[in-house]
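What TrEMBL lists as transmembrane segment is 12-34, 65-85, 97-115, 190-209, 221-240, 246-265. Residues or ranges marked as domain 'Peptidase S54 rhomboid' in TrEMBL: 58-115, 182-260.
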Amino acid sequence: MHFTKPRKIDLIPPIVIKNLLIINGLVFLAQLTAGNSLREWMEDHLALHYWGSDMFSPYQFFTHLFMHESLLHLLSNLGTLWLFGSLLEKLWGPGRFLVFYLLCGMGAAALYMGVQNFQNNQLQHDAQAFLDQPTYQHFMQLDARYDLSSGDYVYDETKSRLASYPHDPEVIFTTKEFVRQFVDSYTNTYVLGASGAVFGILFAFGFLFPNMIVWPLRWRAKYVVGAYILLELILGFHHVPGDNVAHFAHLSGVLISYILLKAWAGAGKSNYH
């Protein structure tokens, strides 16, 4: 199918998307209004933790899809889902659309877990190199690669003391402890949000309707999707300090989407295209 008519957001979303909007909105409202203890419980049990963490549970591959970090995170995901997913749900039907959405989201999370495993192993290797030779130069190399700064006093003080007293045993000890704590915190970070699923939907739209004009950009869908993917690739390989977005999870959603579309097309499901 090749449409060129401008695609605008449907004022009334189809049933699956409407329910996804409601569920995600209610969960985010609970995150905002819950007390600290309940909010921490939600993050500990519903967000997706690294498989090597004590807090990891397999069901988190599903539950993390309904949590979001911020209002902007929520609105960007739901707006994209609403704009690009409505036509797909009408084309495929509610059941198949939901299956596609969930497979993209959970599949992206599984692939990203592999990326995390590689990143964590690399960090542990680099951190061990510093622990074996705790010099200021090695500390700065580790900092340049992983952004050890959390914007607080501890990092600044640790860095300053190591620069001023590089051979002081107490300074070396406290710096090693700082690095160990950073590694522990890094490997226990969690992932939340429907971005992997949403990027799967976004790619499917561009794949099936490459020439449709997307409102309000007035660009063809293939260019919008291509720009999104290119941006994620750049940000994924060139870390920006303070950026806590799981860009490879987004790209994993694109990959899962492509695999599903090709598999379903090969299986003769003509209504997928």
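Cβ atoms are placed via backbone N, Cα and C, with glycine included.
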Original post:
DSSP says what for the domain 'Peptidase S54 rhomboid' (182-260): how many helix, strand, coil residues?
Top reply: 51 helix, 6 strand, 22 coil
Original post:
How many of the residues that make up the domain 'Peptidase S54 rhomboid' (58-115) does DSSP mark as helix, as strand and as coil?
Top reply: 51 helix, 0 strand, 7 coil
**OP:** May I ask for the residues of the chain that lie six or more residues beyond the transmembrane segment (190-209) and have a Cβ under 8 Å from a Cβ within it?
**Re:** 1-3, 7, 20, 24, 43, 46-50, 55, 64-69, 73, 77, 80-81, 84-85, 87-88, 91, 100-105, 107-109, 112, 221-222, 224-226, 228-229, 232, 246, 249-254, 256-258, 260-261, 272-273
